[in-house]
Amino acid sequence: VETRHLSICVLLFTCLYIVSYLILTHFKKTAEFITDDVEDATVNKIALWLCTFTLSVAVCAVLLLPISILSNEVLLAFPHSYYMQWLNGSLIHGLWNLVFLFSNLSLVFLMPFAYFFTESEGFAGSKKGVMARVYEAVVLLLLLALLVLGIVWVASALLHDNVARKSLYDLWEYYLPYVYSGISLFGVLLLLLCTPFGLSRMFSVTGSLLVKPRLLEDVEDTLSCTTFEEDTLSRKLNSDTSCWVKLNTEAMKKEYQTVRNKRIALEMRRKASPWQRNLGYPLAMLALLALTVMCVLMVCFNVLELLLDETAMPRGMEDPHLGMVSFSMFGSLGAAVQVVLILYLMVSSVVGFYSSPLFTGLLPRAQDTNLTQIIANCVSLLILSSALPVFSRTLGITRFDLLGDFGRYNWLGNFYIVFLYNMLFAGLTSASLIKTVTWAVQRELIRAFGLHRLPLTVSRSTVPFRLLLASGLSKIQ
């Protein structure tokens, strides 16, 4: 049985590794891997393999709860099926333990080593080569580990003197849980800040990918402006006697390519069918609004349960009894909604992370992301994804209790932390949603009625409603 479970886990991880490698090769800067210096190319390839491993672990961490919830529903639907004998609680529990082990291994050792490995040049006086870089990276990693362990030991000594004294003799049992709890708490707090902002940003991001109705978007006007801009840049690049030749040609070529891609996308949007234009955009906006409101309502319901029932507190579970009872009161439909909401929250957190002013610089660009940025992105995504199971269970999105070491964090049993976390998430999400919807409606109405062309000296808030209505009717006609 253990061999079968190990084979399934290896097969799943291999598929995720291949997908992660394809994603990273799409964003990596090719010039860093095709150089005359064989040593630098080898070091960059090894670092890229470590980043691929970390990203595959992050994707697997995102899929932990969806796989567990869907496995329980499958076993409920087919309790005595011969083809479902491989799917049991032991397999799911082992998968959770492997993800916890590899996520901490990647955060504590692999990613710091990858960064030090790419930045190292070998000790002074030593023979140059890949092994010299390995030795320097290992020494720096050990020094960093000692620094982090010392800081955490001092923090544990200030909080719990007995635990700090024991941790000198039993590092694994009393000391490392503080490190794990600190990393998980940081990830959960990061999700608390990024997810509400991402939920509000999802409307604008999705709207930029879809074709809006003609009342809300003038594609012809935008396309003509983009075509004019493309022609202007093309003339500047092709002119031999113009003074524009003295400018940065590479920057102008990148700008020209960006404008050209924008023009091609606008032409495709102009060719969209009426069904796609008038039905796709409203349905997408309604679906996002429904998912966001559902998340807020489930968190509010969880707050009431926290006040009335102690079982609503997140806790660990050693033996998952799959196939006994559904984790949703609405059965398989409720379980499917839970899976959709968990994935939606993860996507929203990633959107909010890259949209925040602090992390906008980390946003990867196709074929133009250096290796240091790739390492930073993999670490950020791993922190967010490894905290997703704790985040979802703390907010009450699912009733599936945390398995393995995910349920042993010290702060999970604190009622005040969990209650305050739920209240902050509900408040921040509601405020962001209300602000986004009201401002989006006002902005789209102003654009649809052509009032954005008014001079700045005219206050748009003072425009009478009759003028708005008349402008809108004339535009529709």
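Even glycines carry a Cβ here, placed using N, Cα and C.
Residues or ranges marked as transmembrane segment by TrEMBL: 6-25, 46-71, 91-117, 138-158, 178-199, 279-304, 324-354, 374-391, 411-434.
Pairs of Cβ atoms less than 8 Å apart link the transmembrane segment (178-199) most often to 324-354, out of 279-304, 324-354, 411-434. Tertiary proximity for the transmembrane segment (279-304) is limited to same-chain residues at least six positions away from its ends with a CB under 8 Å from its CB atoms, namely 199, 202-203, 206-207, 210-213, 216, 312, 337, 340-341, 344-345, 395-397, 419, 422-423, 425-426, 429-430, 433, 437.
Here the transmembrane segment (374-391) has long-range neighbours at 24, 27-28, 47-48, 51, 54-55, 57-59, 61-62, 64-65, 99-100, 103, 106-107, 111, 114-115, 118, 183-184, 186-188, 190-192, 194-195, 314, 342, 345-346, 349-350, 353, 359, 362, 364, 402, 406, 409, 412, meaning same-chain residues at least 6 beyond its ends whose C-beta is under 8 angstroms from one of its own. When Cβ-Cβ distances below 8 Å are used as the criterion, the transmembrane segment (324-354) is approached by residues 62, 65-66, 69-70, 72-73, 76-77, 190-191, 193-199, 201-202, 205, 291, 294-295, 298, 360, 362-363, 380-381, 384-385, 388, 391-392, 397-400 of the same chain, each at least six residues removed from its ends.
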